[in-house]
């Protein structure tokens, strides 16, 4: 027997992964969750039918989500991670000399299952990490804390999905107000091929930041094979790292950081509202 | 009824495209060929079951295959294209002030069908373009011509496939000997995730060139979503364009050119024979 998982996230397109074993399949309070062991990518986390992370290529996504903003900040002490229940983003943040990392994910089920099935993804025992199960939008509204870097590692802003409110202008305004004067905010956004309007809208929703830049990196498991990230910065140039890794990396380097901000012509035009 | 095309090029992985219409399905002397109209990518050329090019994203592949080598050469007059029967590579080459472009493809059937179904892909009427239906390996062995840029736009070096002999050291030696002193050779190679040994071997087979560099670019229709290119150069640095486009581009820019040579850490390590 052959077992295949097919993902239909993008209309008119399917990705199929041959499955060795179904490790978990069920529901949390908020989402359907499946953990499959796939031949090509190893253990694979699927939320509401969409691949979120895999053992084999998670490093590409997590390094590129976290390190550019972290290395641009000269002295990132207090970090806030929105979502990130699989642990990968906080694992990368904790490689920096930070003091406190607040991870706020709405879905306890995801955190528990990832700790069990993806132990290498997280660094859960680090005492600097504070995990809070709560709606990140409510948390930030009620918090009087100020952060140096805020990282959004949520699912995609699918209409009526769990993460949709996190991509609103109101939420980004809250994020802006909870950042220190040299603070940076980074979020994953989809690549521009499939949902250009969604990408452009998100870009526009960040206009309270004096500097907004987009960069990209490989993630073979995601549709289209690359993923896009957007940084809002209060004062520092997101393309210019002020520090360098003193730990091993598998994707990130200062050169990769700078090159990642160079976008293909059609993508730049899309952000500028010109169709090519 | 829903019609889907599924590609099984990578083991344990499938890509599915929903099909509007099958425009052609048959065999040439060398390959199975299908031309499908797909909802996501428009008209799609499939050889031996593998997507080669699509209306929607062919510009990404063809611009990045052609322009880096072409813009590095200060004065590219004579160009040789190996394969490229769909016409896209020669269309991009002909945007440069070249004198002669020799396109040598073994498969007349591909050329004929692409001229018919993808008329915008080629610039077949340009008098500088000489099309020859022949085995490129034989052509180069018997030729006494010297070229400024040689572009290999073949199918992949699948064992026992049409293109396998084109990826041998003997063939690259012939290519080297038919290049002018400032000459450059460029070829597509697969991305490094799926067949790292094949990529490394190709890289090593080019060691007659004093300068060999790898770069990459997006192609959403290809497995993994990015594609990789290798340049062998006799004297010029492939990362430094000496000229700039005086025609519109949709992917390439001098900045994209330079950034494309910055490889993620794991990929650099792979080429250097170190596993990360």
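Just so you know, glycine gets a Cβ as well, placed from its N, Cα and C.
TrEMBL lists A:86, A:153, A:154, A:155, A:156 as spermidine-binding residues, and of the candidates A:62, A:257 the one it assigns to that same site is A:62. Per TrEMBL, the S-methyl-5'-thioadenosine site holds A:31, A:135, A:136; the candidate it also names there, chosen from A:57, A:105, A:207, is A:105. Counted over all residue pairs in A:31, A:105, A:135, A:136, the record's binders of S-methyl-5'-thioadenosine, the longest Cα to Cα distance measures 16 angstrom. In this structure, A:156 is the one among the binding-site residues A:136, A:153, A:156 with the smallest number of other Cβ atoms inside 10 Å of its Cβ. Mapped onto three states, the DSSP output places residue A:153 (spermidine binding site) in strand. The sparsest Cβ neighbourhood within 10 Å, among the listed binding-site residues (A:86, A:105, A:135), is found at A:135.
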